[in-house]
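S.K.: Below are the structure tokens for one structure; questions will follow.
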Amino acid sequence: MLGALAKKIFGSSNDRRVKGFRPRVAAINALEPEISALSDEQLRARTQTFRDQLAAGTRLDDLLVPAFATVREAAKRVLGQRHFDVQMIGGMVLHESGISEMKTGEGKTLVATLPVYLNALEGKGVHVITVNDYLASRDAEWMGRVYRFLGLTVGTIVHGLDDGQRKEAYACDITYGTNNEFGFDYLRDNMKYELSQMTQRGHHFAIVDEVDSILIDEARTPLIISGPVDDRSELYVAVDTVMPRLTPEHYDLDEKQRQVSLTEAGNEFIEEELRAEGILKEGDLYDAHNVTIVHHVNQALRAHTLFTLDKDYIVKNDEVVIIDEFTGRMMQGRRYSEGLHQALEAKERVTIQPENQTLASITFQNYFRLYKKLAGMTGTASTEADEFAEIYKLDVVDIPTNKEVERVDEDDEVYRTVEEKYEAIIKEIDKAHARHQPILVGTGSIEKSELIGELLKKAGYTLLDYSDPNALTDVYKAARENRVTKRFAVLNARFHEQEAYIVAEAGVPGAITIATNMAGRGTDIKLGGNLEMRIEKELGQMPEGPERAAAIEALKAEIAENRAKVLASGEKADPEAGRKKDLPGGLYIIGTERHESRRIDNQLRGRSGRQGDPGRSKFYLSLKDDLMRIFGSDRMDGMLQRLGLEQGEAIIHPWINKAIEKAQQKVEARNFDMRKNVLKYDNVMNDQRKVVFEQRRDLMGQDSVRETVDEMRHGVIDDFVAVHIPENAYAEQWDAEGLKHRALDVLGLDLPIEEWVKEEGIADEEIRERLRKASDESYAARVERNGAEVMTYVEKQVVLQVLDHLWREHLVTLDHLRQVIGWRGFAQRDPLNEYKSEAFELFNGLVTALREQVTAQLSHVEIMQQQPEGFADGGFESAGFSEPQLPPMFPEHRDPVTGENEFAFAGSGSDGGAGGAYGFAARELSADAAVLERNPDDASTWGRVGRNEPCPCGSGKKYKHCHGRFATEA
């Protein structure tokens, strides 16, 4: 109470911060008459003037006022849109590395032009991140008109681009793209073997649109590039044979949380059985070198206790097929990850499909923290303000709306059963549709969307077919004639262009649109219809002229008339029904369930009431909804029965809303803790990832790594001497024979070490020096024999390839370690500290193995066919070996709503994954088709050819060493 009083008197901290931006807004407004008087050429010339000022030492912040004023004028001339004062404030928040919370329809896309232009003046690249390819392309084209008018370059990163196209896009002043594309490009760049092959040029400044979706909702689902792994089917089968011998006393099962763990008795039993089967060969089960076996045991245990045949999965055509728990449908093509699917295959004795190994991964949390400067925009961030501040050091500023919000948010209606809830929803849709009020029905999943669609069909509605060119024509005609169409649309999140079009037309009188809570973000729902979309669809082929101008005016008039109908579509007061006042028209939001996050509910509500429009929202709940079960539906069910509620009746009260919000706050706090915990563990891997990636980049940037190779060889010798000639040990205790074998195996040197140790007074330092001298002489001879230039190339490639191989194995080991480290808590040890300690030891082991394996390979390398002349002009193939190739790679990122790999279906519905020229599975068909169309004798049919692809002429050489070389010379 006192806090509310103080806020009323002094204002909130947010109000004070917004007020602090007002003087600069006034300064920008004061410049407007002067800048409006400039010609287009003079306005464009200001960009170079600003750059000259920066070069002379002017601070970027000092250019904010004139730069923002310049962008506002450019937008007025190019787009016909003028930034409001509150949009200027939003732009300042973004420039200062904050999050601008702006309500739906307040023009976030236009706001971004202000800080993007200002920061692009530095020439270091600005990245604008959107949630899908359609929005990236749309915004780059739409706002790109402003940037290009002012002399800046704009690029777009979308699926299917090759390296050359990506590099061009990243070289632009401003680059638009999706979070997935930016993240995967970073991972792939750090798997390249030449600096010239890398596409990104650094991480200077990024603005993340829908920042809450990307940095909160997707924070726990890492981007993963995976590749085929060695066949482990025998180990899956061997471990599976032990599982049927377990009894309930051997494990603790929590079906509600879907978790299972071995008891102490279970651990002892499993260890004995694994030893008897010859699987556990040495040490205890939970020793670090046995993490792979522990991983297999855990997955086999889950397969046998948590998953039931014909309930969770079925066996069909020698395959384990997952059954969706909500719909009961088979989910062809979906597989459980982390070896669980292979464990189920072993359990059912079907063919075990190969699993993929993680080649590289990163979470969005750690990717976006690479940027020196980060900012974000969204309509809903306040509920997660603490998380943005703690994890990303980003402050959330709530930007005032240009006009007051007129939407009415009604209290929830709570029903006893799901059936009663859905019956009430269909009745409400019927009533609103009869008034021609547009309705947006929000659901928590694609399956629930389909369920609502089926219920509407049973009620006599038909699904709108957007593949029919006349479908929308009929809708517009019905709106003009005040007819009820009884048609509805369902958003399909896999086709973003269609999705945006459906959302854009969801404000037409009588429109019924069913969507998941997340679908369609980024596209406004305008009451009456979307003029730009209709011009594009209906008048796209009509040439400029009086006829087109008249048609546009007719569309404007029709949309204005439709808007008036929508505004008048509200529900009138009905005292008998307990409704004392009129409810507004505008877009009617119907929520079919509460999400566990208040933010997602607010996003759904925020679709209505844009820019001062009226609107209405209401949530329909049942006691069987997930959140209501958490809240305690048994108690509430009893309360409803005592109140005498009959079937089909609902309880509506503000107290219910408050209770649900408290439940949501608890869930949000739990999820925040989980994300923080994930980040703590991921930070351990992230620190190691940064070291490895920096070392790789440093190695690629060197003309020669000979000095590094020599240091590695000397380090290996030091390790050998330390192991076989321990410090302070007597000469009789030295292991001369072991040292001799290691020198022969790794260094390729057959040395009389046993004779050396017999010499009077010889010390370990002397033996070390002799080994170094012998290895240096041997290696120098090898370099001379194979050719210095060839060996310089080979050294770099061997170091990089061995590092990559060991890093991939290290990732798998860390992943397995992370899964079992929680058990240390039972021994009163902190699992996180244990993980840090063991991860550090494993990383030290990686460094030691890197030295030894690089030394061993280079100490035995021989070039089979040495042709120095060919090497000089034909490439490394003529010298007897080929350049390293990237392994087969598959991008993976699980959608936090559906759980699907967003790239698993890319080959069937769009142009593939994030792969471009990388040979991802989703790209294979289209890539092969392109090759088949090339005529070896006609270079004009070749199209863009990758430098490392086989030359289309059929010579067998790489393109860069064949016709690509001629093209370069030309």
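Along the chain as shown, residues are numbered 1 onward.
Every residue, even glycine, has its Cβ placed from backbone N, Cα and C.
I grabbed these lines from Swiss-Prot:
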BINDING   GLN87, GLY105, GLU106, GLY107, LYS108, THR109, ASP524  ATP binding site
BINDING   CYS951, CYS953, CYS962, HIS963  Zn(2+) binding site
S.K.: Given a 10 Å Cβ-Cβ cut-off, pick out the one of the binding-site residues GLY105, GLY107 that has the most other Cβ atoms nearby.
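M.R.: Max Cβ neighbours within 10 Å, all protein chains included: GLY105.
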S.K.: Rounded to a whole number, what is the top Cα to Cα distance in Å among the residues the record ties to ATP, namely GLN87, GLY105, GLU106, GLY107, LYS108, THR109, ASP524?
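M.R.: Largest pairwise Cα separation, rounded: 17 Å.
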S.K.: Specify all same-chain residues, apart from the site residues GLN87, GLY105, GLU106, GLY107, LYS108, THR109, ASP524, whose Cβ lies within 8 angstroms of the center of the Cβ atoms of the ATP site, ordered by sequence.
M.R.: MET102, THR104, LEU110, VAL111
S.K.: Can you count the other CB atoms that lie within 10 A of the CB of LYS108 (ATP binding site)?
M.R.: 23
S.K.: At a 10 Å cut-off from the C-beta of GLN87 (ATP binding site), count the other C-beta atoms across all protein chains.
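M.R.: Other Cβ atoms within 10 Å of GLN87 (ATP binding site): 27.
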S.K.: Hey, which of the binding-site residues GLU106, ASP524 is the loneliest by Cβ count within 10 Å?
M.R.: ASP524
S.K.: Sequence gap of 6 or more, C-beta under 8 Å: which same-chain residues meet both conditions with respect to THR109 (ATP binding site)?
M.R.: ASP139, TRP142, MET143, ASP209
